[in-house]
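These notes concern the structure reproduced below.
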Amino acid sequence: MPWIQLKLNTTGSQAEDLSDALVESGAVSVTFQDTHDNPVFEPLPGETLLWGDTDVIGLYDAETDMAEVVAMLEQHPLLGAGFRHKIEQLEDKDWEREWMDNFHPMRFGQRLWICPSWRDVPDPDAVNVMLDPGLAFGTGTHPTTALCLQWLDGLDLAGKTIIDFGCGSGILAIAALKLGAARAIGIDIDPQAIQASRDNAQRNGVSERLELYLPKDQPADLLADVVVANILAGPLRELAPLIGCLPKSGGHLGLSGVLATQAASVAQAYEDKFTLDPVAEREEWCRITGQRK
């Protein structure tokens, strides 16, 4: 069905109040958008950061009388008569099809493809991971996931054990298993990620070789030939004493979820235990890799 969108601009501190006003005026949903498209990379747990210049966008049923909506909003003390806003009609689309059309098979390195289930596999003889976008992070579209997949594709994983620390969708652990690893261990703080990883592993026929744990449940003596952690710079620094002990002597470590500007501080947290490689970059993100001394 078609919709009507009303957009107004405000400050981050007033956005929540105006969101409530839009809901009271009949909006079925309200979203916040940075006016200048500046991303927020790493909010603290439980924190919702808003930009200094924020667009508040309300979505209304197509039958809504928008003149009445505007008149109601003009009574709000933060808006007043003649407040600046933009109203536009959104065309009726098959939104599920529109969403699906944005995802295509993607190649990483020489052997590895990540394919959504509704697409044909481009190369049946390649290493193909079937993965659909879901609640947990990791489909290959983000530069950090792509950097990690390329790295895994370049390793000799035959018969190896891998730990995917912060496994999200399980994409890295599953890719490693499909690339020849004998065993993979996924760890995540989010139970939804554990379930998503389990479902994706079953879809790819590798569930019997994938172990999944919440941090409180993981074995104390975990060691692996390869450890990959695609999380964020802050946790990578804070958890360096833990993550750095997971690779065996001579084992490989791959870290991402790190902005290029954060690479030096993250690398510093691991350089005592690892011989580090040159940093790999993609867009504004990077990957730090090394071998356990």
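The backbone N, Cα and C atoms fix where each Cβ goes, and this holds for glycine too.
In Swiss-Prot this protein carries:
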BINDING   Thr145, Gly166, Asp188, Asn230  S-adenosyl-L-methionine binding site
Would you identify the secondary structure of Asn230 (S-adenosyl-L-methionine binding site) according to DSSP, in three states? strand
S-adenosyl-L-methionine binding residues Thr145, Gly166, Asp188, Asn230: largest Cα-Cα distance, in Å and rounded to whole number: 16
Across all chains shown, how many C-beta atoms besides its own are within 10 angstroms of the C-beta of Thr145 (S-adenosyl-L-methionine binding site)? 25
Going by DSSP, is Asp188 (S-adenosyl-L-methionine binding site) part of a helix, a strand, or coil? coil
Once DSSP output is merged into helix, strand and coil, Thr145 (S-adenosyl-L-methionine binding site) belongs to helix
